[in-house]
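Per Swiss-Prot, the features are:
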- 1-16: signal peptide (SIGNAL)
- Cys112-Cys285: disulfide bond (DISULFID)
- Ser196: active site, charge relay system (ACT_SITE)
- Asn231: N-linked glycosylation site (CARBOHYD)
- Asp348: active site, charge relay system (ACT_SITE)
- Cys364-Cys409: disulfide bond (DISULFID)
- His381: active site, charge relay system (ACT_SITE)
- Asn422: N-linked glycosylation site (CARBOHYD)
Amino acid sequence: MRDLILFLSLLHTIFASLFSLKPPSQDDFYKAPAGFKAAKPGDILKTRKSPNKPSSLYAPVDVQNSWQLLVRSEDSFGNPNAFVTTIIQPKNADPSKVVSYQNWEDASNINCSPSYGSQLGAPLSTILTQLDMTFIVPPLKSGYYVVLPDYEGPKSTFGVGRQSGKATLDSIKAVLKTKDFSGINDDAKVVLWGYSGGSFASGWAAVLQPEYAPELKDNLIGAALGGFAANLTGIAESVDGEVFSGFIPLALNGIANEYPDFKKRLYEEVKPGAKADLQKGAENCLAASLISYPMYQYFTGPRRVFEKGWSLLEDKTIGKTLEDNLLIALSKEHMPQIPIFVYHGTIDKIIPIKDSIKIYKNWCDWGIGSFEFSEDKSNGHTTETVVGAPAALTWIDARFAGKPAVEGCSFTTRASNFLYPNISESAASYFKGIYQTILRSKLGSGVTSDDVSVNGLRSLYHT
């Protein structure tokens, strides 16, 4: 593992020196032009070739082309805004197939945006975006265009459902208008895919589509959701005081970026000595927060950040704001109209599987057309990221091939999602290689703990 870390650090140093990048906070391309409010959601405000090639683990990804669009959208309250989305064209591009891949950005700082962290020359602060980029290589090799929306928008609203869902949908609307330079057909089929924080944005896009983007009805053909983040408060309960407690300040500040009243109440309730640490959540990207705040107690224990503990969620402003951003709390009217595939590890200690199962039961009881759930008995959150990916790709391939999705609901428990039917040999080999390289283990050797990536990241930052 140390050899890998040293190698990645060397790659980063080399490419960072060769390919300079302006962070979004200093890049005028990210700023909406005068009069942009008159445009419609999904309209393209600006277009450019991506400043640098896309990269995965700080090595260039071999693609035909890459563009960035500034897209008109709106926030949770319908106020106009604009965000950047990235289109990646593979060498053997099929103009009829697009994967909208929602990265696990999980941060409340615009300089953590996927459009920035996915390129050569990106800083070490975005290393988890570079890791996440390994998952788009197989779809690109299959000839699928890949789209990476900065779905958190210009305010970096991590944990805000409607902003994330609307931006994801407006990104697709915009991409389908780019045939003149990207080659993508305006009637192309699109599949949503995301893991963890990416599943949050993808899930919200799926539930909002019938009302917010009915024009995409014939384009969207499914959503693959891994480590499905259906309940933010359930995640907070799971990670508070544990290895991945660094998620909490990122989400709280992301929500605060969208809801001023929530922010005011939140910071009124912070213990004076803990305010600076909470504010760091508005500055850090995901990796830095995870390695800086493991085992941190926000709602439990004698040294908790909030004196009121979990009773803080009973506050009218805080409680209602959080509930408004829970997929699991939505009514029948927000049930997806597209096929859904969820893959989730039984022993996930970050996003408890029980909430994914609850939303499965809700949507099935309400008569969803197609929902396939694949539970992995052997893996937690970090390892299922890799182990479940070939299953997701197999499901996505089937949608693009025009094969029928399951009718109604299907729940299957497997020893491992590597055993999902019809996984291609190339996909299995690719992801087994990632598993063994990144997680420093062979499959089946018992590496299922959700602390492996934190240890690796800490080693990287202290190399």
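Just so you know, glycine gets a Cβ as well, placed from its N, Cα and C.
Its Cβ placed at the centre, Cys285 (disulfide bond) has 24 other Cβ atoms within 10 Å. Cβ crowding, taken as the number of other Cβ atoms within 10 Å, peaks at Cys112 among the disulfide-bonded residues Cys112, Cys364.
Sequence-distant neighbours of Ser196 (active site, charge relay system) (same chain, six or more apart, CB under 8 Å from its CB) are Trp104, Asp106, Gly226, Gly227, Ala229, Ile350, Ile351, His381, Thr385, listed in sequence order.
For Asn422 (N-linked glycosylation site), the nearest neighbour among the listed recorded positions (Asn231, Cys285, Asp348, Cys409), judged by C-alpha distance, is Cys409.
The sparsest Cβ neighbourhood within 10 Å, among the listed recorded positions (Asp348, His381, Cys409), is found at Cys409. Using CA atoms as reference points, the recorded positions Cys112, Cys285, Asp348, Cys409 were checked against Asn231 (N-linked glycosylation site), and the closest is Asp348. When each of the glycosylation sites Asn231, Asn422 is scored by how many other Cβ atoms sit within 10 Å of its Cβ, Asn422 comes out lowest. If you compare Cα positions, Cys112 (disulfide bond) sits closest to Asp348 out of the recorded positions Asp348, Cys364, Cys409. Here Cys285 (disulfide bond) is compared against the recorded positions Asp348, Cys364, Cys409, and the shortest C-alpha distance is to Asp348.
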